[in-house]
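What follows is a structure written as structure tokens; I'll ask about it next.
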Amino acid sequence: MANLGNPKNTIEIIQKYEFVFQKRFGQNFLIDTHVLDKIIRAAGVTKEDFVLEIGPGIGTMTQYLAEAARAVCAVEIDRNLIPILEETLSGYENVTVINEDILKVDVAKLAEEENGGRPIKVVANLPYYITTPIIMGLFESHVPVDNITIMVQKEVADRMQTGPGSKDYGALSLAVQYYAEPYIVANVPPNCFLPRPKVGSAVIRLTRHREPAVQVKDEKLLFRLIRASFNQRRKTLQNGWSNSSELSFSKEEIAGAIRAMGLSPTVRGEALTLEQFAGLSNLLSELGGGRN
Ligand code: SAM
């Protein structure tokens, strides 16, 4: 089958099947061979790997993955794309296509059955509105994942990678960095897609840490503290945490933990590193005020 990274071939196949782009599925297909090559290289896909591709579209990146990997499983929600994928992937025996919503797929089971429970690689160019639930779902459930290489809105990539002091720093930065090492592989302008999206995109690779970046006694409490810090980011920790419906620490308890960490009483979450959040979480977990 002709290389779909070439825009001419993509247009041809879309016309042949009279494919109608669905906005609700965030369908913007990649038409740039350099970007496709970069994604495969950044993910470090080899002939040993089992790759889960989320949202193959017409199969453009799937072709590249099939060449590089041992096996590829591509999960596509839009049933109108299935006959197209049958044609565009017909030359590859190592690709399986599943017509399903990725949020309903048991990825841990897939990794167990297809890769003997060894870490898999995940590659995706997804609609932006489901990026965060998918990434966090993969990290939080104990799916063995080596890395996730994903095209996201440029601004979301910046949020994942940044640290304290930046306006982009927040709950997503901390959650991603708790589980993984983020690295922005490439910025991708709208003209690399058909149709062109309104915003710039970036490819980010999230390499999963073997152990979380910090050790905490109570992971749930850590994430509650993080959420409560950024729900109202202009509030001091003392005010944000004592007013949070997810927490039940007194102002005095919070002030004591902040003091014990050597931080200013008026400190805000946006100034704290992941290590400092972990330290505060460990001090507070001994007081038991995180709600179940
Ligand atoms: N990978 C292709 C490419 O790079 O050209 C297509 C990318 S397009 C931005 C996103 C794809 O994800 C579409 O094919 C869309 O139908 C699919 N998709 C959207 N939501 C999905 C979901 N919940 N589960 C699986 N696939 C989904």
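All positions are counted from 1 along the displayed chain.
Backbone N, Cα and C atoms are what each Cβ position is placed from, and that goes for glycine too.
Annotations in TrEMBL come from automatic prediction, not curation.
Sharing the features that TrEMBL gives for it:
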type	residues	note
BINDING	Asn28, Leu30, Gly55, Glu76, Asp101, Asn125	S-adenosyl-L-methionine binding site
DOMAIN	35-210	domain 'Ribosomal RNA adenine methylase transferase N-terminal'
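Locate each feature and note its surroundings.
In sequence order, Ile77 constitute the residues six or more apart from Asp101 (S-adenosyl-L-methionine binding site) in its chain with CB-CB distances below 8 Å.
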Does DSSP put Leu30 (S-adenosyl-L-methionine binding site) in a helix, in a strand, or in coil?
strand
Within a 10 Å radius around the Cβ, which one of these binding-site residues has the most neighbouring Cβ atoms: Asn28, Asn125?
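Of the binding-site residues Asn28, Asn125, the most buried by Cβ count within 10 Å is Asn125.
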Around Gly55 (S-adenosyl-L-methionine binding site), how many other CB atoms lie within 10 A of its CB?
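The answer is 23 other Cβ atoms.
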Any same-chain residues 6+ apart from Glu76 (S-adenosyl-L-methionine binding site) with CB under 8 Å of its CB? Would you list them in sequence order, or say none?
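Listed in sequence order: Gly55, Pro56, Gly57, Ile82, Leu85, Val97, Ile98, Asn99, Glu100.
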Inside 10 Å of the Cβ of Leu30 (S-adenosyl-L-methionine binding site), count up the other Cβ atoms and send me the figure.
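Leu30 (S-adenosyl-L-methionine binding site): 24 neighbouring Cβ atoms within 10 Å.
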How far apart, in Å, are the two Cα atoms that lie farthest from each other among Asn28, Leu30, Gly55, Glu76, Asp101, Asn125, the residues recorded as binding S-adenosyl-L-methionine?
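Result: 20 Å between the two most distant Cα atoms.
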